[in-house]
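What follows is a set of notes on a single structure, which appears directly below.
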Amino acid sequence: MENTKDLTEHSSRSEGNRGDSFGMFDGYDSCSEDTSSSSTSEESEEEVAPLPSNLPIIKNNGQVYTYPDGKSGMATCEMCGMVGVRDAFYSKTKRFCSVSCSRSYSSNSKKASILARLQGKPPTKKAKVLQKQPLVAKLAAYAQYQATLQNQAKTKSAVSTEGFNWGNYINSNSFIAAPVTCFKHAPMGTCWGDISENVRVEVPNTDCSLPTKVFWIAGVVKLAGYNALLRYEGFENDSGLDFWCSICGSDIHPVGWCAASGKPLVPPRTIQHKYTNWKAFLVKRLTGAKTLPPDFSQKVSESMQYPFKPCMRVEVVDKRHLCRTRVAVVESVIGGRLRLVYEESEDRTDDFWCHMHSPLIHHIGWSRSIGHRFKRSDITKKQDGHFDTPPHLFAKVKEVDQSGEWFKEGMKLEAIDPLNLSTICVATIRKVLADGFLMIGIDGSEAADGSDWFCYHATSPSIFPVGFCEINMIELTPPRGYTKLPFKWFDYLRETGSIAAPVKLFNKDVPNHGFRVGMKLEAVDLMEPRLICVATVTRIIHRLLRIHFDGWEEEYDQWVDCESPDLYPVGWCQLTGYQLQPPASQSSRESQSGSSKQKKKTKSQQYKGHKKMTTLQLKEELIDGEDYSFLQGASDQESNGSANFYIKQEP
């Protein structure tokens, strides 16, 4: 099913029939004649001033009401100011929306307080009697009061602790965001469809003096991930009231929703004078336009349901010892991201963040099945309520055939350093595990006991054949201490008596991912995976993306695969309720440390780790013998397809 609803099919009908067939004008009509209303009550016979001729007529559930009107149609509560259908109001006079408002009205002090509130003034002790006011005047004063409160609320909510707003950031710099379709693991990533500019939606009308929530139609001017820049219909090229919002938000509806829900469509106050027949205007403008599918909100809700639940047990990489895994328990799930607490953490603060599709987590028993190191837990039995995660919930890796020509220990390759994701390094296969998994070490910075090896699958997009960096003009990091520079693979292989891993064994699939250089997104800082930051794609090499964290130096960039579950569309944090880290300004970076050098040192220690220091720590902490190596299993599986891997691409 397409993700936008085409309204063209109705274009051949008459104007009146079109309104009915659209079902989107049932909540709106325009006023072509002057109207007036009056209010009578048992206490007062005072007349109400005539209504302005430009006030619209509102349809509600098929019945027409003038607004406001104290005698018939809509009524305004003289106590709280609520507007509603007159027949539903309390008492014969229909002056109050409820019994409580009627009783509260009888108190002189309350009456004085309400009048002062409606007039926007503080109540005085001398005010004892509520003087009668025309309903229109009351309504206008109340609307102004409500608008003031709403503006104050918006000001407070829009300014976060860091003062960052994606809409302002995109607009002020003319940035382009990566489309939602680039992120298959994100909500709506596989069913976003052809939602694009010029799609029409029904949204709350904030340019209105009415105290009740009314709606109007807006068109998408620009898309930035989940966020859309909207413009009310009728403003043409005037961008004065354009506003950003999440297209997946609860207040965004397909055209026709108001009619189906009995909600009023009211044109913005700024342009109310432009047309006398708004219905005809809408029919003309919306004929042939597209809107969201009727089940869009349902799809959003369904795409945000996640199979992982708290108390599930998994095996996950040990963040202090990458060579082994440990048992952890799912503490919470936010947008598919898991906060895992290592099972032995008594105060539940020793945690690790990753996405549920991350290659770093596995089902219980995975390490034993492939021969991977595993840290045995001191906990001899499961805690109450904890249970093993079903294996089918984890990301599947491609099946490989290890029976023929395959990776062997000692073969050389190039690999992204998991302790410094900004670099691709000279590496060696140190151990071949079952099911296509490999233990890899970075040349020149390995511990003798292999405690700093890390596990990649043979199809991982993070390992590359010898020469990949040179062909794609990427700086290759040579082994630490290697002095024969510039580094040449031919010389290095001869000096070490090694052979390069065959090119045909590497993953050569390059999907049509849709990313472009300069696109904005939200990305996990994998050196501190609890953080999601404002980021930019700065280079694209086949399926490999260079991610830059806005406001930080390039040395903190990270190489990430285009299908990484650690990349998200603009607006993902807002949609899921996750904390977004804004760009670091120069002043904020300097304020966090005494000097630029000190800042870099702090960042390196926290995120990347000094390799030698990390190696010593690994050596010391592994002496306790708590990690185990299991025997490898055997596998008889299919091989990968092939493609042209060596295609030179400009940086």
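Numbers here mean position along the shown chain, with the first residue as 1.
Note: Cβ is positioned from N, Cα and C throughout, glycine not excepted.
Taken from TrEMBL, the feature compositional bias 'Basic and acidic residues' covers 1-18. TrEMBL lists 1-55, 583-613, 630-651 with the feature region 'Disordered'. Taken from TrEMBL, the feature compositional bias 'Low complexity' covers 29-41, 585-596. For 68-103, the entry in TrEMBL reads domain 'FCS-type'. Annotation comment: TrEMBL describes 164-268, 276-372, 374-479, 487-583 as repeat 'MBT'. Residues or ranges marked as compositional bias 'Basic residues' by TrEMBL: 597-613. According to TrEMBL, the feature compositional bias 'Polar residues' maps to 632-643.
Ranking 276-372, 374-479, 487-583 by CB pairs under 8 A with the repeat 'MBT' (164-268) puts 487-583 at the top. Each residue in the repeat 'MBT' (164-268) gets a DSSP state, and the totals come to 16 helix, 30 strand, 59 coil. The repeat 'MBT' (487-583): residue composition by secondary structure is 19 helix, 31 strand, 47 coil, according to DSSP. Assigned with DSSP, the residues of the repeat 'MBT' (374-479) fall into helix, strand and coil as follows: 10 helix, 37 strand, 59 coil. A mean pLDDT of 94 is what the model gives for the repeat 'MBT' (276-372).
Residues of the repeat 'MBT' (276-372) grouped by DSSP class, helix first, strand second and coil last, total 22 helix, 36 strand, 39 coil.
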